[in-house]
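Some notes on the structure that comes next.
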Amino acid sequence: MSDNPFDTSRGNGGETHQHIPENGPHPDVDHLTTNQGIRISDNQNSLRSGARGPTLLEDFVLREKIFHFDHERIPERIVHARGSAAHGYFELTESLSGITKADLFQRKGEKTPVFVRFSTVAGGAGSVDTPRDVRGFAVKFYTKEGNWDLVGNNIPVFFIQDAIKFPDLVHAVKMEADRAYPQAASAHDTFWDWASLMPESTHMLMWAMSDRAIPRSFRMMQGFGVHTFRFVNAEGKSTFVKFHWKPKLGLQSTVWDEALKLQAADNDFHRRDLHEAIEAGNFPEWELGLQLFDEDFASKQPYDVLDATKIIPEEVLPLKIVGRLVLDRNPENFFAETEQVAYCPANIVPGIDFTNDPLLQGRLFSYLDTQKSRLGTANFHQLPVNAPKCPVMNFQRDGQMQMNVPTGRANYEPNSLGAHGEGGGPRECPITGFPTFSSASGKQEQGDKLRIRAELFADHYSQARLFWKSQTHSEQAHIASSFVFELSKVGLKQVPPRMVGNLLNVDAELAKRVAEGLGIELPQKNPAAREPVDMAPSPALSIQKNMRQTIEGRKIGILIADGSDAHALQSLVNSIEDAKATAFVVAPKVGKARLSDGSTIKADGQLAGSPSQLFDAVAVLLSGEGTGILMKEGAAVQWVMNALRAPEGDRLHAGSLASAPKGGRRTRRRCRRAGRRFFRGRRQALLVPRAECPHAGIEVSPPGRFLTETSDWTSRQITFSLR
C-alpha cells in the first residue's frame, strides 16, 4: 500500500467511511476491490431497497464478502492444533561430510532457512498455552535438495510403540466423546483408563507428570526427534542418529500452581513470549546435538533403539554438537504461515533415511494423509510456507487449488515429445536422486509376515525407573503430586489402583506417595511383561540440574507507585537490561506515575492486569507514599502473595498459596500478613523469584546473585533464584 492519505466522512446512519479523496490521486494499489478486482464504492452498507428496506440478493459485494468469511477457517489439526511459529535459520558448525551426504550438513558455516512450529498436543486451537501437555517441536528445513521436516516433541519418548495405537491414544486423551470436556487436559477418566492398561506408556507418563510438560517458555525447552533415524554417506554406509535440540537459555519450567494461574493471567503466555522476544531482537537459539551410533552399539544395549518409548542416556552416548538453530523473524500472517504449514516426517533428503521404528513407519503415512484432509487439496505443498526453495519439476498436475500453470502436453513419461521439438519434461536421475537405504542391518528385520513386537519392546519400566532416579528430590515431589492430581480427577474406581500397581514397578516410594495422596490402599504390584533392570541415573534428564543461573531471556516485573525512587528505578532497569533480561514496570495505573524527582513514567502494565505470576522475578520499589497507596489495593497484596511465601527469619521465600497442603486458611492469612509487612517495612527493591510449589517442602535450586549498584543500596546483593 502507498502512503496516500484518505478522507473520512460520516454516512447517513453515522457510520464511518474512510475513502479515497474525491479529487484523487487514484493509484491502483490504494483502492478497495472485490476478489475479481472490481473497485468498491461503499464497504459499510449492504445494498437494500430504501434506507429501511430489505437487503437485495444482487449485492455481489456483500455476497462475496460473507461467502469468503464463511470459509476462512479450515479444519484444525487433530492434535497439535494450538501452535506458534517463527522463521529462522540453521547454521552448521561442524561438517558431517563423512557421515551423511545430506547437503545441509556438508559445509561449516552454511545457513539453511527454517520454519519452526511449537504446539500443545491435546487442546484445540483456541485453548491455552500452559496446560500440562507434551509440546510439539517441528522444524522445516528448506534445503537445496528439497524440504526436510524434523517433526519432534519436547519429550524424547512417546506413549506408544506402534502407530496402530495412535488413534486410541488420541481418542482417550481428547475431550470425552459424550460430553466434550475437559479441554486441553489428560486428568479425566478415558485417558487414565487407557494409560493404566498400556504399560508401554509408563516412561512417557513419568515425563508428562514432570515439569517437562509445563515449560516456562518455548525458548527454554529442549526438542527431540523421538525416533532413531539413519544418516547415509556418499559410500552408502549407514549410521544411526537421534536428534536433540538444546536451548541456549537452558532449561526452565513453571510449576503446576503457577501454570494454572498463568492460564487465567495470559492464556497466550508462550505465544506472546516467543513473539515479543523475536520482536525485541532476543532471538531464541538452540544447539543441534546428535547421538551417532552403529548396529554393534545398538545390539549391546538393554533396550531396542527402534522403540520410541526408550532413550539412549547422554552419559552412555554423549551428544555431538554440530549446529545451531536461530529464530529471527515472526510470521507475517498467522493463518497463511503458522496455520497452513504442513509438516510430514516423510519429507527427507538424500543422506537421511528411516529406520523400522513401527511408530515412525505409521507416522510417514498419517501426516501426509491428514494434510490433505485439513488443507483441502493435494496441492498443499504449493502454499508458500510449504513450498521448497529449490526447483520442483514433475508430472503431478491439476487437483483442487492448483496454484501453478503447467505448460505443454507432457504430463506423462516416458515420452518422445522432444523429437518433435516439444518439451518432454523432467527425468529421473540415479546419480543425484534419493537412494533408499536397502540393507536390513539388524536382527529380525527380515522374515515372515507377523503382527508381533521385538522382545525388548516388552520392557516397560526400566527407563521409567531411570527417569525417576535421575530427578532431584523436589522434581520427584512434583511428579508424585502430578499423578495424585490427575488420578484424583478419575471417577472410574478401578483405574487409580491399577495405575499405582504399574508405578510399583517403577519405584515403591513413588507408588506409596501416590496411593497416600489419593487415600487408597497400596495395591499389589502389577505383573511386568519383562522384569525391569536398574540403569545408572542420568543427570541430563533433570531440569534443575541443567538450569543456567542467569536472568538472560527472563522477564522481571517492577512494581512502582507515586513517589518511587527515580534513580533506583532507572538503575534497576539498566541492570536488568545489561543482563539481557526484560524489565516490565507495573503501576496501579498505566497512566503516568510520578517519581521521586518529579518526573513521570508510563507503566508497561496496570497492577490488576499484570499479576506477578507473569514474571520470572519481581522487584517492589516503593516510597512511603506509594506504600500507603498500595496498602489499600487488594490487587497489590495479591501481587506480593503470588510471589512470596511467609518469611523465615529475615528472608522471604518463593512460594505458592493456592495449593498449600497444610495450614489452609491459616497459611493464606500468614502470607497475607507477610505481604502487608513487606509493604510496611521495605523501602528498597527486593528481587524475588516467581511462585514455587509449597508441597515440595524444599528449595528447588541454589540461589544465584543479581547485582545492583545504586547510591541507596550501596552495592547490596539481592538473592535471585530460578527453578
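Numbers run from 1 along the shown chain.
The backbone N, Cα and C atoms fix where each Cβ goes, glycine too.
Residues ARG117, PHE166, ARG363, TYR367, ARG374 are given by TrEMBL as heme binders; from ARG73, ARG77, ARG212, ARG216, that same site also lists ARG77. Taking the C-alpha positions, the distance from ASN153 (active site) to HIS80 (active site) comes to 10 Å. The local packing around ASN153 (active site), expressed as other Cβ atoms within 10 Å of its Cβ over all shown chains, amounts to 24. For the compositional bias 'Basic and acidic residues' (16-31), the DSSP counts in helix, strand and coil order read 3 helix, 4 strand, 9 coil.
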